[in-house]
Amino acid sequence: MRICSSRSGSSSSSRISSSSEFLVIAAAAVAEVALAVVEVVVVVVVIIIIIIIIIIIIIIIIIIIKVVVVVVVVVVVVVVEVVVVVVVVVVGVEVVVVVVIVVVVVVVVVVVVVVVVVVVVVVVVVVVVVVVVVVQVVVAAEAAKAAAAAAAEATAAAAK
């Protein structure tokens, strides 16, 4: 390229320099966009992992609720049978009805309270996780948008 006259040589050299700058700026822009894409992919993977963890937690809680209900029912049945036998032997039949009603009401209240507490805990955990995931997605989307805007600006500036 230097074979031409000095004027044309300097013009050619200037062209190569601006072309190299453009390539460097374009490469930087591509790197920014790639980084933004990687961030979005990481956020999506984290979201998927969080959803899987939530599903596992919900399944475990459902199993725990079932076990608690079964245990409570078995204990209530055994206690009611023992109380009925003792009360019938000691006091009489009329008191048995009152005792059975009281025991059943207490057991139902305990089971309902346990289930409500577990459901509230699950709902709170799910809401917190959803809020965290939404915030991460919004932040990643903003980062990707900013990177794309910076890349477009750098490319436009290099083209001038």
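Please read every residue number as a count from 1 along the shown chain.
Yeah, the Cβs are placed from backbone N, Cα and C, and that goes for glycine too.
According to TrEMBL, the features are:
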- 21-38: transmembrane segment (TRANSMEM)
- 44-65: transmembrane segment (TRANSMEM)
- 70-93: transmembrane segment (TRANSMEM)
- 99-132: transmembrane segment (TRANSMEM)
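A Cβ distance under 8 Å defines the sequence-distant neighbours of the transmembrane segment (44-65), meaning residues of its chain 6+ beyond its ends; these are 114-115, 118, 121-122, 125-126, 129, 132-133, 136-137. Outside the transmembrane segment (21-38) by six or more residues, the chain places 143-144, 146-148, 150-152, 154-155, 157-159 with a CB less than 8 A from a CB of the stretch.
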